[in-house]
Amino acid sequence: MAAMAVGGAGGSRVSSGRDLNCVPEIADTLGAVAKQGFDFLCMPVFHPRFKREFIQEPAKNRPGPQTRSDLLLSGRDWNTLIVGKLSPWIRPDSKVEKIRRNSEAAMLQELNFGAYLGLPAFLLPLNQEDNTNLARVLTNHIHTGHHSSMFWMRVPLVAPEDLRDDIIENAPTTHTEEYSGEEKTWMWWHNFRTLCDYSKRIAVALEIGADLPSNHVIDRWLGEPIKAAILPTSIFLTNKKGFPVLSKMHQRLIFRLLKLEVQFIITGTNHHSEKEFCSYLQYLEYLSQNRPPPNAYELFAKGYEDYLQSPLQPLMDNLESQTYEVFEKDPIKYSQYQQAIYKCLLDRVPEEEKDTNVQVLMVLGAGRGPLVNASLRAAKQADRRIKLYAVEKNPNAVVTLENWQFEEWGSQVTVVSSDMREWVAPEKADIIVSELLGSFADNELSPECLDGAQHFLKDDGVSIPGEYTSFLAPISSSKLYNEVRACREKDRDPEAQFEMPYVVRLHNFHQLSAPQPCFTFSHPNRDPMIDNNRYCTLEFPVEVNTVLHGFAGYFETVLYQDITLSIRPETHSPGMFSWFPILFPIKQPITVREGQTICVRFWRCSNSKKVWYEWAVTAPVCSAIHNPTGRSYTIGL
């Protein structure tokens, strides 16, 4: 009946629903709504004014059907086109016991009937501070049924009483809630989802009013599992031609919600009576088509958003051909390497020596040869002579290198099939070039590899890269917390999945504070006793009430002088997609109050066979130390 169903957001068009409080003729209404261009209908499952009695006689045994027949629509239509709504009189957290008990029974009746119909989603209101019993009834329903419905909690972006203009300024108000103003509704949601133990089936339907809160409040909401945004017709303005439009601030919010692929629900009567109701939907389509186009990084990362991957271990494992292929497609990385090698060659070889001074350049971890090609291009660009060694431990990639040498490179390049730490070089290098960095800089063991290879670098030799630094930032993300929680493996400790890092394209998250530098490594390392173990303490000021779920890791590297690569958001190399950030989760979410400081301790540890990280939060409260002795995750040497 409709082109798209609930849960079908994606692609270029907007997925949208129409919210109605009363639907006398369901099939006719659904047809009319579909004709207007909407994909689904939000409607009460029972008549909103039909208060059932479950406790007292005689009303308890009132004869006749409780609601309309499921035969009015096909099973497929119930499954895809209808979102159920709870009757407005149901108040399971009422202080009046009779109302509470009756509401519990009515709520279960409506949820069970929704499950019987196979509804894809059910809308429930969160409109007060105490929703504890609502959470209990819903959790019990989720755990007892065999249905798969989603539950969308309808939460206002700004609490209704915050918009009252009848309150005299500075006069005391009667409400006694702990949180006021912009914080309030997020705290309702946060407490509710905590009571429901972060159930993946409970999401947010965010109701957007005419007044918007400050940016940090909006940022925080965008780290939540928002499945729908409810737009009342009353928030639309009118343009010169009489069509509904939104303010610039609202448009910016819609653009950000579109990135999260939320579905939009239009509620309320037509406030632009001379225009068709579908003009509200047409305006959303217009916004969708006119949003900023995705950049190269976003295009590359499409489909990988919030998808957890285990970090590569190229030292312990031999990479596959396709893995090399993906990294070789990066347009920025190799041009930066070429620029760094070019500058280095010009600095090391003066113009008058360009025909006699042959620089020995060693590519350590040559893979399938992209750095060898970048080096050859740099030498040609600089008009300097080089002699190249391509050192690679993966015997499969060596086949590719030998083919390159036979077909293209010739005697200028010597291919060496060996681990760089064990290779006995025939001569010392002027320049060593490597691409051994992971998302957290040193997590693919670049320090250990380059330290093991620097004995064949001349005393005045140069390493490209010369330095790299890892960065950490605290983040909040229900989505990522649930993704990590779902990674539990049968024969391992039940919390082992929280003691390992993940490479992930961060998407549905809120960064709580700016990234700070963690560990720095420099090459060549001239310390008499080389020790790559590290320990750091980082303190992050937090300016908003929130919840901590883990830490995002990034890195920056100086290839040579002013030539750099970075995945830190503030300095990210434009268009570079070789690395996604890394995520270090924590076992238990930690509530953080506005003005508090998050303190994290981070260790880099090692023994003769492996390297691992350990981490712990020590403020505002203490967590357990994660991954002690590398019990859940190590990187093999």
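Glycine too: its Cβ is placed from the backbone N, Cα and C atoms.
Listed in Swiss-Prot for this protein:
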MOD_RES   A2  N-acetylalanine
REGION    13-292  region 'TIM barrel'
DOMAIN    308-615  domain 'SAM-dependent MTase PRMT-type'
BINDING   Y324, K333, Y334, E392, D419, M420  S-adenosyl-L-methionine binding site
SITE      F327  site 'Critical for specifying symmetric addition of methyl groups'
BINDING   F327, E435, E444  protein binding site
ACT_SITE  E435  active site, proton donor/acceptor
ACT_SITE  E444  active site, proton donor/acceptor
REGION    465-637  region 'Beta barrel'
REGION    488-494  region 'Dimerization'
Same-chain residues at least 6 apart in sequence with Cβ under 8 Å of the Cβ of E392 (S-adenosyl-L-methionine binding site), in sequence order, are G365, A366, G367, V398, L401, V415, V416, S417, S418
Spatial neighbours of the region 'Dimerization' (488-494) not adjacent in sequence (6+ beyond its ends, CB under 8 Å) are 631-632
Its Cβ having more other Cβ atoms within 10 Å than any other among the recorded positions F327, E444, the winner is E444
Of the binding-site residues K333, D419, M420, E444, within 10 Å of F327 (site 'Critical for specifying symmetric addition of methyl groups') (CA to CA), in sequence order, we find K333
Cα of K333 (S-adenosyl-L-methionine binding site) to Cα of E444 (protein binding site), in Å and rounded, measures 17
By a three-class reduction of DSSP, E392 (S-adenosyl-L-methionine binding site) is assigned strand
Excluding its own, the Cβ atoms lying within 10 Å of the Cβ of Y324 (S-adenosyl-L-methionine binding site) add up to 19
DSSP says E435 (protein binding site), in three-state terms, is coil
Counting Cβ atoms within 10 Å of each Cβ, the densest environment among the binding-site residues D419, E435 belongs to E435
For S-adenosyl-L-methionine, with binding residues Y324, K333, Y334, E392, D419, M420 per the record, max Cα distance (Å, no decimals) returned as 24
For Y334 (S-adenosyl-L-methionine binding site), the nonlocal same-chain Cβ neighbours (under 8 Å, six or more residues apart) come out as E328, P370, L371, N373, A374
Span of the recorded protein site, as the biggest CA-CA distance among F327, E435, E444 in Å, is 15
Cβ-Cβ distance under 8 Å, sequence separation of 6 or more, same chain as M420 (S-adenosyl-L-methionine binding site); the residues meeting this, in order, are L364, G365, V391, K393, C449, G452, A453
Around the recorded protein site (F327, E435, E444), other residues with Cβ within 8 Å of the Cβ centre, ordered by sequence, are L312, P314, G365, G367, L436, L437, G438, S578
